[in-house]
Amino acid sequence: MRPLAIIGPTGSGKSQLALDVAERLAGEVPAEIVNADAMQLYRGMDIGTAKLSVAARRGIPHHQLDVLNVAETATVARYQQAAAADIEAIIARGHVPIVVGGSMLHVQSLLDNWSFPATDPAVRARWEECLAELGVGELHAELARRDPAAAATILPTDGRRIVRALEVIELTGQPFAASAPRIGAAQWGTAIIGLDCDTPILDDRLAVRTDSMFERGLVEEVRVLLRAGLRDGVTAARALGYAQVLAALDAGGGAELLDDAREQTYFGTRRYVRRQRSWFRRDHRVHWCDAGATGPSDRVAMVDEALRVWRHVT
């Protein structure tokens, strides 16, 4: 069975559409959902990632949720291997895999079957020492000197990816982007639906989403995760919302600090959405749908369009 991928920026309604499509397909063929949100891989990171509760999943099987402890590092290579195995197993059962998420590297590594450059522990350790000694800003500047294109696509605060880029450049003697495959035919013949809407509409959704997370207990969730090792996590501790709350708690956790964390989470999410849009819009395989209207008839029409693309994509 050809998979369907539903991608797009945070807050565009991907999870809702995936459930609606799976329910519509149920009378014809069962569907199973494969998560492609990097932070939903973590157990206990529920409120801040808008992870669907078991009750909200409508009885539809979900994969790649709650598979890591917060102290573990979520690598794209590990995700690709595990998620691809899930998809192969779903297809073997005669079911439809629905890939859902907005983590750019995770989505593309899966759909384009990336092969990852080898690693060298000694080379990586040396760059990690440089990171510790010089700081993330100076190391990003070093990356910019060696590979300006890579530096332009990696956040100056993302020490882990900066180290990885420098490692790959040193090992291969080529720019970091040279190790990434070009966009071609999607693996398994996957049909790709992209959801997006006008920026003012999405900004309003992100504001409501952020407020809801804090009101539903994001701060307490972070406190619980700290006891589970969140501070030791290379990737989990940097997640939007969690990083901001963690910094506020470290500074004393007063109401004003937490209000500032809420505001920083909102603006950080808006910046992340811009990156998601830039990344996904360059993929010519994506069939884009306007997710601005969310009434019952609009949801039905969106399911119709997703299934039309899934049935007829070439």
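Including glycine, each Cβ sits where the backbone N, Cα and C put it.
Here Swiss-Prot flags GLY8, PRO9, THR10, GLY11, SER12, GLY13, LYS14, SER15 as ATP binding site, drawing on sequence analysis. Cβ neighbour count for SER15 (ATP binding site): 21 (other Cβ atoms within 10 Å of its Cβ, all protein chains included).
DSSP assigns GLY11 (ATP binding site) to coil in the three-state reduction, outside any helix or strand. Long-range C-beta contacts of GLY11 (ATP binding site), restricted to its own chain and to partners at least six residues apart, with a cutoff below 8 Å, comprise LEU202, ARG205, LEU206, ARG209, THR269, VAL273. The substrate binding site annotation in Swiss-Prot covers THR10, GLY11, SER12, GLY13, LYS14, SER15 and is backed by sequence analysis.
Secondary structure at SER103 (site 'Interaction with substrate tRNA'), taken from DSSP and collapsed to helix, strand or coil, is coil. In sequence order, ALA36, ASP37, ALA38, MET39 are the residues of the chain that are 6 or more apart from SER103 (site 'Interaction with substrate tRNA') and have a CB within less than 8 Å of its CB. The feature site 'Interaction with substrate tRNA' is assigned by Swiss-Prot to SER103 (among others), with sequence analysis given as support.
Swiss-Prot lists ARG124 (among others) with the feature site 'Interaction with substrate tRNA', giving sequence analysis as the kind of evidence. The local packing around ARG124 (site 'Interaction with substrate tRNA'), expressed as other Cβ atoms within 10 Å of its Cβ over all shown chains, amounts to 17.
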Going by C-alpha positions, which of the binding-site residues (THR10, SER12, GLY13) is nearest ARG124 (site 'Interaction with substrate tRNA')?
THR10
Cβ neighbour count (within 10 Å, all chains shown) around THR10 (ATP binding site):
21
Take the mean position of the Cβ atoms of THR10, GLY11, SER12, GLY13, LYS14, SER15, the recorded substrate site. Which other residues of that chain put their Cβ within 8 Å of it?
GLY8, PRO9, GLN16, GLY102, LEU195, ALA291
Most Cβ neighbours within 10 Å: which of the binding-site residues PRO9, GLY13 is it?
PRO9
